[in-house]
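Accompanying notes for the structure given below.
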Amino acid sequence: MREQSRIDRNTKPPSISAASYLACRKTLMNQSAVTSFPVTDRVNQALEVTLRGVDELLPKDEWVQKLARSEATGVPLRIKLGLDPTAPDIHLGHTVVLNKMRQLQDLGHQVIFLIGDFTTLIGDPSGRNSTRPPLTAEQIKANAETYYTQAAKVLDPARTEVRYNSEWCDQLGARGMIQLSAKYTVARMMERNDFHTRFTDGSSISLHEFLYPLLQGYDSVALKSDLELGGTDQKFNLMMGRHLQAEYGQEQQCVLTMPLLVGLDGVHKMSKSKNNYIGITEDANTMFAKVLSISDELMWDWYTLLSFKSLADIAALKAEIEAGGNPKHAKVALAKEITARFHSAAAAETAEQDFINRSKGGIPDDIPEINLPGAPLGIGALVKQANLAASTGEANRLIDGGGVRIDGNVISDRALKLDAGTFVLQVGKRKFARVTLS
């Protein structure tokens, strides 16, 4: 799949000009108020694609009519997904909604990848028990530059409209912000679970945090979206888009929420802050091994949310395992599918073989070779200087836990000093170095 090395702020939908689309949409909005479009087999098939793995689709009947109208008129629907560039990496949790976007894109609809460079200045309060620390403009810009390049590993760049919400939010000004704020009440805002909990607990809520859902909703007004996607924690913000579109006299978008992907720990949603994530730019060997580390129970949720296999194929695979099959075979298949998607089929095969070699105690072919002076050298210092631990203290903790080996032998003595020579140093299951000590 072709990737873009930079983000074009002026990207327009390739299938239809913006002016033509909006003129056609206005006509169709008037027409759809009095006309019910036929629900064909193709519309039902599109609905089935839409609903796969979904938590909620609201309102479903409206979405069916939007699909039917698009089918009858040939005018694609506008599908919006917004992500705030709060970190430089996209992880598998983000790809749950990106995969859904790609499915809708493949049905012929216009997807809009919205980079929330303006809203990142506020910070999304969804699910937070405290105010998010602000990012600098430089941090936001640097993160944004990497976001779409990574998203293009899932979306088709040639059929994706890329926008920044600073395009219209910067133009609001003080007067526009006051007018926007007047379209929602504090009482309604406090119905939000996270705001209500923080208020009840006596935790602070800054006024600027109330602006976040309003601005996300205003994005839908600016983009005239037909459908907005997000995680289950985004429902309030997504419904704000419907509310504001009605306030501005627009046809209301439908709302689709996807389940949050549980991370490697099997407990919390995948996030960098929990260190339970798999970044989509991680090397193939690491990605493959991390997928294999998830529990057998979690594997089926990952299949539903991350795999491109049909639901029938997944159900058949699960039935095979429940009948006595080895769940590891299913997990290997999932690891290979995910690794191949972000690297290549060949890289996935190599990663599988690398994992097998490591599991058998074998040494990978491509381990780094390091020359270190200072013999005799303490084992803790050696591990740190070989870049296999961040500090000598961390190295000592790894030794205490039996996680350090020399030529395959577990080292348990922190006081061990290594004389000059060449040996293979191993930390954990995946970190190796061939060290020559002089």
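Just so it is clear, glycine is given a Cβ too, placed from its N, Cα and C backbone atoms.
Automatic, uncurated: that is what TrEMBL annotation is.
On a predicted model such as this, the values are computed, not experimentally measured, just so you know.
Annotated ATP binding site per TrEMBL: K272, in sequence order. According to DSSP, K272 (ATP binding site) sits in a coil region rather than a helix or strand. Listed in sequence order, A87, D89, H91 are the same-chain residues six or more apart from K272 (ATP binding site) with CB atoms under 8 A from its CB.
What TrEMBL lists as domain 'RNA-binding S4' is 382-422. For the domain 'RNA-binding S4' (382-422), DSSP puts the residue distribution at 13 helix, 9 strand, 19 coil.
Panel annotation: around the motif ''HIGH' region' (85-94), residues 115-117, 120, 123, 132, 135, 140, 142-144, 146-147, 150-151, 260-261, 263, 269-272, 277-281, 306, 338 of the same chain, lying at least six beyond its termini, place a Cβ under 8 Å from a Cβ of the stretch. Among the features that TrEMBL reports, motif ''HIGH' region' is placed at 85-94.
For 269-273, the entry in TrEMBL reads motif ''KMSKS' region'. Within the chain carrying the motif ''KMSKS' region' (269-273), a Cβ under 8 angstroms from the stretch's Cβ atoms is held by residues 87, 89, 91-93, 231, 260-263, all 6 or more beyond its ends.
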Tally of helix, strand and coil residues over the motif ''HIGH' region' (85-94) according to DSSP?
3 helix, 1 strand, 6 coil
